[in-house]
There are 2 protein chains.
Amino acid sequence: MASFNNNSDNSLPESAVPEVVIQRLPLYVRVLTQFSSSGEEVISSEQLGTRLQMTPAQIRKDLSYFGRFGKQGRGYNISILEGKLRTILGLDRTWNAAVVGMGRLGRAVVSYPGFAPEGFNILAAFDANEEIVGQSISGLKVESISKLTQSVKDHDIKIGIVTVPIDHAQEVIDALVEAGIRSILNYAPLSPQVPEGVTVRGIDPVLSLQSMTYYIK
Amino acid sequence: MASFNNNSDNSLPESAVPEVVIQRLPLYVRVLTQFSSSGEEVISSEQLGTRLQMTPAQIRKDLSYFGRFGKQGRGYNISILEGKLRTILGLDRTWNAAVVGMGRLGRAVVSYPGFAPEGFNILAAFDANEEIVGQSISGLKVESISKLTQSVKDHDIKIGIVTVPIDHAQEVIDALVEAGIRSILNYAPLSPQVPEGVTVRGIDPVLSLQSMTYYIK
DNA sequence: GTTTGTGAAGGATTTCACAGCA
DNA sequence: TGCTGTGAAATCCTTCACAAAC
């Protein structure tokens with residue numbers, strides 16, 4: 001990522017479907033959603049490819065890992081394909097998340113309006129600083145990190161979002177893993193160590209900038 | 001990826017070095033910086049690999065595209081390697097950037113303290129809304145988008161950061177390209193169309209979440 | 001006529017494995 | 001002895017090209 005950049009990926013479960021393919025599916029979902037709201041009914045791999053700047057063959061091959069969703073001579077029904085892909089990705093349900101680290105970044109994350117419409121609900125917020133614990137931020141009561149395991153269980157939290165400073169990131173990630181979390185979105189600028197079966201995706205705009213400068217230098 | 005996940009990459013300049021390799025170099029810089037501040041002098045590809053959860057062979061191969069930086073039997077001198085990689089990536093200088101879109105996200109970006117220490121200076125901020133234009137945000141006077149081309153020239157801006165809502169993102173990106181920008185960090189949830197020679201990196205935490213749910217579903 | 005789905009081919013990237021040097 | 005640098009091998013991923021379906 002490699003985006004884009006920037007994905008630490010730790011030995012995911014055995015599967016015939018390449019990891020890169022899985023990472024492209026959300027892209028397909030995104031354009032399909034945009035197309036469907038524009039009144040179109042059918043879309044070809046050619047049109048999808050134009051939108052995403054990739055080859056039609058790649059799109060067809062990616063989709064073929066999961067089934068036969070198109071009709072020869074016509075293309076793909078937009079809303080049906082979108083639905084299939086959402087089901088494949090597990091987006092036909094909602095997911096509960098917890099944010100750890102309620103400084104500047106954590107506050108921005110919990111108040112970001114883009115998660116809920118996509119089914120990602122932030123139900124808990126944690127911080128190590130006792131002055132912040134107890135505060136209410138965007139409707140969330142900040143809890144002590146010592147409550148993590150209990151809260152993960154109580155709220156059926158499946159996703160951890162790490163927004164602590166770098167020097168506490170690894171220990172927070174260890175705590176999340178300890179609490180049973182297997183999917184982590186990491187905003188701290190480090191590549192954390194995680195056991196097999198735990199997926200970490202990193203969000204670091206600086207890494208993205210640092211690889212772009214190579215091409216303009 | 002990238003990520004990673006999440007990188008639109010449009011036909012970069014001809015080069016012998018694979019794009020994936022370029023995207024990993026900032027990762028190496030990041031760990032080297034962390035190691036060097038810990039007093040160590042030398043590091044082996046094995047140690048780097050452990051930190052980054054990748055194979056030592058891959059690290060050695062990546063580095064070999066650019067030269068011979070190590071010493072057999074010892075490893076790599078941390079600060080020398082860091083310096084070499086920074087030079088390769090163009091990080092031995094500073095880069096000026098402009099943010100377009102001064103809503104919630106744009107404000108978070110200009111006030112993010114992680115860019116400047118890495119040499120990325122945000123020198124201009126733009127918005128289409130006349131009520132925001134003229135305001136001062138984090139020490140930046142917000143300008144009208146009509147001033148884009150002139151401002152890019154005046155400040156020697158090389159990087160555009162897009163934080164406008166999705167329905168204006170493509171036109172803003174067109175305007176940046178028109179103004180001569182060839183590197184764009186895009187926070188809007190769309191894969192923009194850009195001409196050859198322009199690099200776009202997307203930052204979209206939702207895409208990252210959507211590919212992780214596949215593995216926990 | 002158009003576009004899918006897919007084996008086969010081609011290309012790219014990763015890993016192996018070891019010669020060579022410190 | 002320990003670790004790099006690197007061709008060669010292995011693996012992974014993308015693209016081709018075309019039969020089949022509409």
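We count from 1, first residue shown onward.
Just so it is clear, glycine is given a Cβ too, placed from its N, Cα and C backbone atoms.
Feature DNA-binding region, per TrEMBL, maps to range B:27-66 of the set B:27-66, B:67-106. Within the same chain, residues at least 6 positions away in sequence whose Cβ sits under 8 Å from that of B:Gly101 (NAD(+) binding site) are B:Phe126, B:Asp127, B:Val162, B:Thr163, B:Val164, B:Pro165, B:His168, B:Val172. B:Arg104 (NAD(+) binding site) falls within a helix when secondary structure is assigned with DSSP. Its own atom aside, the Cβ of B:Arg104 (NAD(+) binding site) has 13 Cβ atoms within 10 angstroms in the protein chains shown.
Within 8 Å of the Cβ centroid of the NAD(+) site, not counting the listed residues B:Gly101, B:Met102, B:Gly103, B:Arg104, B:Leu105, B:Gly106, the chain contributes B:Val99, B:Arg107, B:Ala108, B:Val109, B:Asp127, B:Thr163, B:Val164. Between the candidate binding-site residues, B:Met102, B:Leu105, the densest Cβ environment within 10 Å is the one around B:Met102. Counting same-chain residues at least six beyond the ends of the DNA-binding region (B:27-66), those with a Cβ under 8 angstroms from any Cβ of the stretch are 16-17, 21, 74-79, 81-82, 84-86, 88-89, 91.
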